[in-house]
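Note sheet for the following structure.
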Amino acid sequence: MAPPLSVSSFFSTLASIPHFLHNILDPPLHPWADPSHVYAGNMAPVDEMEPIDCPIIEGKLPVSLKGVYIRNGPNPQFLPPRALIIYDGDGMLHSLRISNGQATYCSRYVKTYKYLLEKEAGFPIVPNIVSGFFGFGDIARFVIAMAPKILTGHFNLMNGFGVANTSIAFFANKLFALCDSDLPYEINLTKEGDIETLGRWEFERKFMSNINAHPKVDLDTKETFALTWSLTFPHHSFLRFDENGVKKNEVPISSLNQLSSIHDFAITKRFILFHETQMVFSLGKVMTGRGTLIQYEPNKVSRIGIIPKYAIDGSEMKWFPVPGFNTIHLINAWESEEDDNEIVLVAPNVLSADNIFNTKIPVSLVKLKMNMKTGDVSREIISSRNLEFGTINPDYVGRRTRYAYLGLLEESPKMSAVVKIDLETGREVARRFYGPNCYGGEPLFVRRDGESINNSDDDEDDGYIMTFVHDEKANESKFIIMDAKSPELEIVTVVKLPRRVPYGIHGLFLSK
């Protein structure tokens, strides 16, 4: 009996096959899926860094700001031999602790199950969920490398395989690092400015447990709402947790008959809004070696689903067709003050969704109005600029919002400017470019005093905008704080960071 084929001998066999078969097993990679192209420049991985004090090189830190700015993003521990898109690298948290006029920087990997397994092995062994099966060769490598580990218990699928690289959120009295393909990982921030991973938040124990990267907290009830997906029907459900993180309800959305790429959602005082786009998950595409898990369906009609927050089942969902509406992030939604039946939603709309992973994605900022009584939908383009990764005053989640701050997207996920938009008039009321060769990330709004304020038009924009900015020519990174209310988003503080910070995704400011 012949000995089993080892991984190394499989690679040798694969390298010797004819060229035309090689292209079938391992099709050529697009630049957006080639790790040597994607994770280059300021996206190249960096090592962890223990807490270190940073000099303030312009202005001073506002006295009212006391807490930690922390941002998540992909930073692969090991680059795989094949595909890896921009959103599949291991999660790394970069923080800046602000206290007593001083700033302390730190960066740490999120110690996920996948990260720890690969750190012990010394090479990548767990495929990424979106880009890990780009061709037949990737599938074969996975079977040969992982099947023995699964059978012998060295890799437990029940422990998840996500990378916790997308967002950072505070709910249920805990701080979490999240991605769409796994459960959150609980994070602790020490008094010294360090970052610790406490472990996976297993509120339930089942195969492929997950919640989306953007759970929403109701400011009045302190409840948290989240979205989950499954390979089996019903493919999507929404969850409700009480303020202590105890799951109180799960509602399957049976009217979603496809596994869709739903990254975000929105809440209002009474409702939850979901977006079903032309981007769907396709296992058939993966099993036939035709690229990533996500597929664009040009003939599919996008739609918005609205359901009461305390719905008993998915039959209470009302769907509104919105052709060509392919959003990734929802800025905010609220119920109209003039008409109780009208729901307003603001979101960037992706204008070319045939390749959502392309780093240059054209978008326009759109306001939708949907009438729950008549079923009517109206659509208004607020801005045709390429604006994404928007933020608002967190006190206004689910409530009528006037101002939003968005990044001017140059090449995802880096942005050349932050733009302040008046959502009522559609005007750009302020903007700040970072300068030649300088790019920032998601612009985060933080209240001036770090605490909740009364929701009046005069103080909605009374706060700061903060982000990491990288100078690609000097290869240096800074942390900047801007005055969110000023006409030119004037710079309040610039902190020099001890090394470059790769471009990332989402962050938050956690007050002391």
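First residue shown is number 1, and so on along the chain.
Using N, Cα and C of the backbone, Cβ positions are placed for all residues, glycine too.
Fair warning: this is a prediction, and the values are worked out from it, not measured in the lab.
Per TrEMBL, these features apply:
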BINDING   H214, H263, H329, H506  Fe cation binding site
Q. Can you count the other CB atoms that lie within 10 A of the CB of H329 (Fe cation binding site)?
A. 19
Q. Hey, what's the Cβ neighbour count for H263 (Fe cation binding site) at 10 Å?
A. 21
Q. For the Fe cation site given as H214, H263, H329, H506, which other residues of the same chain have their Cβ within 8 Å of the site's Cβ centre?
A. T166, S167, N212, A213, D264, I328
Q | Spatial neighbours of H214 (Fe cation binding site) that are distant in sequence (at least 6 apart) but have CB under 8 A | A | S167, A169, L178, H263, D264, F265, H329, H506
Q: Tell me the Cβ neighbour count for H506 (Fe cation binding site), meaning other Cβ atoms within 10 Å of its Cβ, over all protein chains shown.
A: 22
